[in-house]
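Taken from TrEMBL as is:
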REGION    1-41  region 'Disordered'
TRANSMEM  100-123  transmembrane segment
TRANSMEM  143-167  transmembrane segment
TRANSMEM  179-201  transmembrane segment
TRANSMEM  221-240  transmembrane segment
TRANSMEM  361-386  transmembrane segment
TRANSMEM  406-427  transmembrane segment
TRANSMEM  434-454  transmembrane segment
TRANSMEM  484-504  transmembrane segment
TRANSMEM  524-547  transmembrane segment
TRANSMEM  553-574  transmembrane segment
Amino acid sequence: MAPWPELGDAQPNPDKYLEGAAGQQPTAPDKSKETNKNNTEAPVTKIELLPTYSTATLIDEPTEVDDPWNIPTLQDSGIKWSERDTKGKILCVFQGIGRLILLLGFLYFFVCSLDILSSAFQLVGGKMAGQFFSNSSIMSNPLLGLVIGVLVTVLVQSSSTSTSIVVSMVSSSLLTVRAAIPIIMGANIGTSITNTIVALMQVGDRSEFRRAFAGATVHDFFNWLSVLVLLPVEVATHYLEIITQLIVDSFHFKNGEDAPDLLKVITKPFTKLIVQLDKKIISQIAMNDEKAKNKSLVKIWCKTFTNKTQMNVTVPSIANCTSPSLCWTDGIQTWTMKNVTYKENIAKCQHIFVNFHLPDLAVGTILLILSLLVLCGCLIMIVKILGSVLKGQVATVIKKTINTDFPFPFAWLTGYLAILVGAGMTFIVQSSSVFTSALTPLIGIGVITIERAYPLTLGSNIGTTTTAILAALASPGNALRSSLQIALCHFFFNISGILLWYPIPFTRLPIRMAKGLGNISAKYRWFAVFYLIIFFFLIPLTVFGLSLAGWRVLVGVGVPVVFIIILVLCLRLLQSRCPRVLPKKLQNWNFLPLWMHSLKPWDAVISKFTGCFQMRCCCCCRVCCRACCLLCGCPKCCRCSKCCEDLEEAHEGQDVPVKAPDTFDNITISREAQGEVPASDSKTECTAL
């Protein structure tokens, strides 16, 4: 019996693989036999393998790998509009309206969850953040002020809160504007952690996570690079302080009304039913108010009545009386009349935690878990709805509208228009975190490119400063000047950063750095969490501790570390650009141990560490994925049913497939020979989705 029944008596044709065999006559084999019999009579014909059928070509050449940063094409698998009947068209319209309502609803709860997440962080770390500011003597160190701004903004999840604390301290003469500028720079860095956390919610799909994480961290790299350049310039020249001082002195500002609060008008009715905070307590702790340290941030009484009345009080002596006519003694004590202010509680707040009397840490932990769950769920549903809506012609129109440049010679204006759009949208929603967090899933699913998201993010940085300027104009008289100057410092800092890292395409380093980090995080997804911990917690805390130990310790540790980082960057640049300049040993990193120049050993360690949780995670993921598949109608062969098996990693270790000769040109047999499909399952293969 033949090894493959489908072949029958098929025999290979060896002439197909010999040079010149195709051009020979049918009698050529007989001539060759005669030549073999009479070796001395005729010379042996030189036979060569055709290059097309050489051994090397039997190995499949790797196909061209698609650029992972290209926008994916969202194909429309539904029925075309022209092919629908009247009933189908009406049903399609109602489905579109329903999807739009669902999208707006999930977007509303997404924004509300961000607000509650900020409140949760303030309950967990708000008092600690206030204590960071309480020691104003250490604020004279610009580097320490920078890391305090980062840590406080990360803890309270709101740059506006940390900025308002700084304004209060400057207004109370506890802090100078010069010392406040590095804190504002740190707040600019800390506020970018929110959309990076949102990007982690798309970790399930490698391609989406690559784009989403790069789109989120482009904001981080812009802020870090701007601080690395502008902080030394500000310390040396004080240009931000001088420019803003001239502007404030040139105009006579008057107090205005409250700053516009457009988005919170919509979200506040819902969020105030969950929790309400007294944010003044953080500012009071920062200004060394001992009574505020024992107060709870959870607001209990929302309506109070304050009244002043005259009361008889005792004083140490007659000199402490309000006036001689209002002073008397009874032989034992000295009495006088004073105006006493008392506060009467009238109505309690109407939120969930008003009667629980739990400590701030417990309330903050509960809200943190719930807000992250709601945030994750809303983000998943937003991505799914957008994926079902943005298909076919709709996706083509949106992508062309957002990602297409103006015609030549005005193409360079497109990015600046995107900056204005980002600033305007941030001004409308009153929060850069909300705008960039809403932008992140759109980058992930491929609606917006990284190159277009970058100017939108820069515009968001400007938009949040215009909101701060309007809020400063509405400040009371004693805080108007200082709050306006700090808001202008924030504005000109972001303008300076844009001038550094946007106008010239070569200087748009944040895009390249974000793409590099996106590639690493897509391959080793645990590295994204390490990035957050290292850049937003470990580095600021380390610098904070070294600064408290004294400038000698800071310089002694910091200078060698900075020198090593610069040396590694220069060596890496030479390796990629002109490796011939370097000695052969330094042309790559192989002279170092593998764990020092590759994440693969660390990945193996982390995989072993998390391996004990894999089975439980797999069961949980299967249940969730199957429930999701039931909702969206996926077939049984959906890859969600094998969600814990990474198909990309499973195929990495396979041997290189070998081409079968044309004799065995049977699709099923060739695939079995190459190990792609088992013989028993060749008829039951599931169609790829």
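Cβ atoms are placed via backbone N, Cα and C, with glycine included.
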- Which stretch from 100-123, 179-201, 221-240 shares the most C-beta pairs under 8 Å with the transmembrane segment (361-386)? 100-123
- Query: Taking a Cβ cut-off under 8 Å, which residues six or more beyond the ends of the transmembrane segment (434-454) line up next to it in the same chain?
  - Reply: 69, 71-72, 74, 107, 110-111, 114, 192, 194-195, 198-199, 202, 205, 208-209, 211-212, 214-216, 218-219, 222, 263, 379, 382-383, 386-387, 390, 395, 398-399, 402-403, 415, 418, 422, 425-426, 460, 463, 502, 508, 510-511, 514-515
- For the transmembrane segment (100-123), the distant same-chain contacts (Cβ-Cβ under 8 Å, at least six residues beyond its ends) come to 129, 154-158, 161, 194, 263-264, 266-267, 270-271, 274-275, 277, 279, 282, 297-298, 360-361, 363-365, 367-368, 370-372, 374-375, 378-379, 381-382, 385-386, 389, 429, 431, 433-434, 437-438
